[in-house]
Amino acid sequence: MERNLKNVLVISFGFLLLFTAYSGLQSLQSSLNAEEGLGVASLSVLYAALTLSSMFLPPIMIKKLGCKWTIAVSMCCYVAYSLGNFYASWYTLIPTSMILGLGGAPLWSAKCTYLTIAGTLYAEKAGKSAKDIINQYFGIFFLVFQTSGVWGNLISSLILSQSSNQGEISEEDLECCGAYDCLTDATNSTGSERPSDSLIYTLLGVYTASGVLAVLLVIIFLDQIKSDQAETEKEKTPFWSMFLATLRHLKDKRQCLLIPLTMYSGFEQAFLSGDFSKSFVTCALGIQYVGYMMICFAGVNSLCSLLFGKISQFMGRKLLFALAAVLNTSCIITVLLWKPDPKQLAVFFVIPGLWGVSDAVWQTQTNALYGILFEKNKEAAFANYRLWESVGFVIAFAYSTKLQVYIKAYIVLSVLVLSMLTYGAVEYLEAKRSPWTPAATKKENGGPHSQETHM
């Protein structure tokens, strides 16, 4: 097997194992640790720490440790979060959430940098377009990575479905479900009752083992990778200059215009995993259905990630972004108008499925856009991606327990509209920077800018 492809697969399956645990835990936090809002509070702290981490840690860790060991060390932070859930309290879950947040930004920045450098090196050796190879590498990564949501949530659903706390949900309880939830009692007592401790410990044991395997896979099989150009630049760059690289990158007008789009990625993921899962699925069907709902989302997301990575160079990113915006808008409007009813079981899965199609665009295309627009400053650019996506998560989770779902839906829709306007401005600036040239330039603009990352 070609060496670069082997490394892409190692990273992909390492992330698959790691996020099998994290995706399952994140989906359940708002329902499993609902008392005093602990679960949502931990996610808010997690992404706040991730925001702080994004400002300075990625360039420093990548410089000192290299991409491989940055990935390995950061993965250990995720394992700590799984351990913190064994005895979920304000004294265990909040600190481990902070640890995970600090490791999140270096993990994703190192992954993005690694795949971009690997794609560039292979393209030079094979005489192919670097942008097309990078596109394909990110497509492979997301095909594998997005299935983590399938496996993580399948594990949770299979284990939690063995609970004896399941029962029929009354019409009175259903009145507190949906967009116009009761807020103070957003989930009914039957559907949201906490499973037994033995089932929870079994689930957490499986998740912890999965995270440990991810760390071992990366340490044993992933090659350290170096870019001569990147190493030369790092040798010439003072430490404090690297420390401030993430903030200095905001001087680029295109980066500033991409902030709403990047933040929207956090808003929309937080809404689905926090609000939809709790006020619709857990409330109307029961906590054991959360995993199945997220499987639908993750499965569609994974398949579409590969598809969009392949067809982006033919369709162009503008059309894909437009498709995602239309689908997400349709889902939000449906959430606002639909009153959840257990008899309409299909709707509980159609919405996450369509949401998965649009999220595949936000993840693959936005990250590829960063990788290509800021090719000469990859670490700082990807750190900014993690920073602003995290800000979106923090804001969304921070107001999660304070506002009714319909208000949060309107907020998400407003951010989507703003992000499309600012994204259009980026396209306008790029059109001015790149004068009309032959087909090669057209292909370059339509493909690579349309491809690549997420937490």
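The chain as shown is numbered from 1 upward.
Heads up, the Cβ atoms here are built off N, Cα and C, so glycines get one too.
Just so you know, TrEMBL annotations are computer predictions that nobody has curated.
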Among ranges 39-57, 381-399, whichever one TrEMBL labels transmembrane segment: 39-57
Highest-contact recorded stretch vs the transmembrane segment (137-160), from 39-57, 69-88, 94-117, 199-222, 407-426, CB pairs under 8 Å: 199-222
Considering the transmembrane segment (286-308), which listed stretch of 69-88, 199-222, 320-338, 344-362 counts the most C-beta pairs under 8 Å: 344-362
Top partner of the transmembrane segment (199-222) among 39-57, 69-88, 94-117, 344-362 - counted as Cβ pairs under 8 Å: 69-88
Closest-packing stretch to the transmembrane segment (39-57), where packing means Cβ pairs under 8 Å, from 69-88, 94-117, 344-362: 94-117
Spatial neighbours of the transmembrane segment (69-88) far in sequence, C-beta under 8 Å, 6+ residues away: 11, 14, 18, 21-22, 25, 32-33, 38-39, 46, 58, 61-62, 95-97, 99-100, 102-104, 106-107, 109-111, 114, 201, 204, 207-208, 211-212, 214-215, 218-219, 222, 224
Remote residues contacting the transmembrane segment (94-117) - C-beta distance under 8 A, at least 6 residues beyond either end: 7-8, 11, 15, 22, 41-43, 45-54, 57-59, 61-62, 67-68, 70-71, 73-78, 80-81, 83-85, 134, 137-138, 141, 225-227, 230, 367, 370-371, 375, 378-379, 382-383, 385-387, 390, 452-455
